[in-house]
Amino acid sequence: MTTTADIVDPVADTGTVPRAGAPAGRARKVSSGRGSVLTGGGIIVLLIAAGYLLPLPHDPEHPYIDTPLAPPNGDFWLGTDSFGYDVFSRVVAAARTDIPIALAAVLIAAVIGSAIGLAVSTSSRSSAFVMRCVDISQCLPVTIVAVVVASGSGGSATVLILAIALINVPLFVRSVRAGALTVRTRPFVESASALGVHPVRIAVRHVLPNVLHLVLAQLSISLGLGVIAVATLSYLGVGVSITTPTWGGLVSDGADLVASGVWWVLLPAVAAITLTVLCCNLVADGVQRLLAREGTA
């Protein structure tokens with residue numbers, strides 16, 4: 001989990017003497033971070049755009065029942081699955097299902113978790129209770145929790161989003177609280193508190209901007225975890241409707257076929273999931289490099 005060290009006071013002059021070569025090193029760090037964000041984020045955007053805009057050779061929801069498990073050929077570029085669906089079309093179309101569901105879930109989790117993290121950082125009593133709840137929730141098998149929540153959804157994307165958001169909220173609570181506790185020890189926050197500034201105003205205007213890099217980095221990481229969660233639930237048969245293209249559905253269909261030499265159903269979906277998660281982690285690393293101030297790990 002990302003940890004926060006000293007955060008530079010954005011108001012007061014700390015009097016720190018910059019090290020020789022620090023500007024050049026900082027420039028390299030920013031440039032590297034920008035490249036990571038643009039590369040990872042660009043690929044994710046392209047995946048989503050392809051799902052919505054790329055002309056597909058076949059209808060991803062139309063089975064060709066007379067050609068099940070056809071190997072890759074001129075008509076079916078990545079072959080067909082056991083139901084006769086075109087694998088290429090379904091892999092591309094699944095990006096408009098899996099990624100938006102995961103993104104919606106982590107955005108909800110980020111808002112709720114960040115608000116709770118900021119709130120509990122002001123009170124040691126409520127903080128102890130909330131963090132105990134967070135510890136307990138993170139001891140639970142998250143996959144089973146998500147399956148239980150989503151199992152009665154009847155293929156509802158809304159319930160799936162809420163289930164994934166539920167298991168990600170504790171991650172944001174822990175990350176934001178840790179960063180907020182550090183920021184609250186800074187002189188500019190203590191001065192604002194001594195002047196009688198309302199705690200909510202302090203949290204929004206002074207604390208939140210200094211933990212924003214933690215929120216964005218955790219959001220990027222959680223997006224990758226969310227994609228894995230969507231795929232896992234679809235693999236277990238408790239995700240969206242079976243006719244809706246999902247990477248997890250293709251993995252479920254192709255897992256038992258690899259031993260028979262039918263690799264083309266499983267591998268493209270696994271590659272898509274892996275690429276998406278790697279890009280999310282790349283964005284998270286870039287966000288930390290761009291937004292973390294000097295002295296932030």
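Using N, Cα and C of the backbone, Cβ positions are placed for all residues, glycine too.
Features reported for this protein in TrEMBL:
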- 95-284: domain 'ABC transmembrane type-1' (DOMAIN)
- 1-28: region 'Disordered' (REGION)
- 35-54: transmembrane segment (TRANSMEM)
- 99-121: transmembrane segment (TRANSMEM)
- 133-151: transmembrane segment (TRANSMEM)
- 157-176: transmembrane segment (TRANSMEM)
- 211-242: transmembrane segment (TRANSMEM)
- 262-284: transmembrane segment (TRANSMEM)
Whether the transmembrane segment (157-176) meets the transmembrane segment (99-121): three or more C-beta pairs under 8 angstroms: yes
Stretch in 99-121, 211-242, 262-284 most in contact with the transmembrane segment (133-151), if contact is a CB pair under 8 A: 211-242
Within-chain partners of the transmembrane segment (99-121) [C-beta distance under 8 Å, separation at least 6 from its ends]: 44, 47-48, 51, 127, 130-131, 157, 160-166, 168-177, 180-181, 184, 203, 207-208, 211, 215, 218-219, 222-223, 226-227, 229-230, 240, 276
Tertiary contacts of the transmembrane segment (35-54), as residues 6+ beyond its ends and Cβ separation under 8 Å: 92-97, 99-100, 220, 272, 275-276, 278-283, 285-287, 289-290
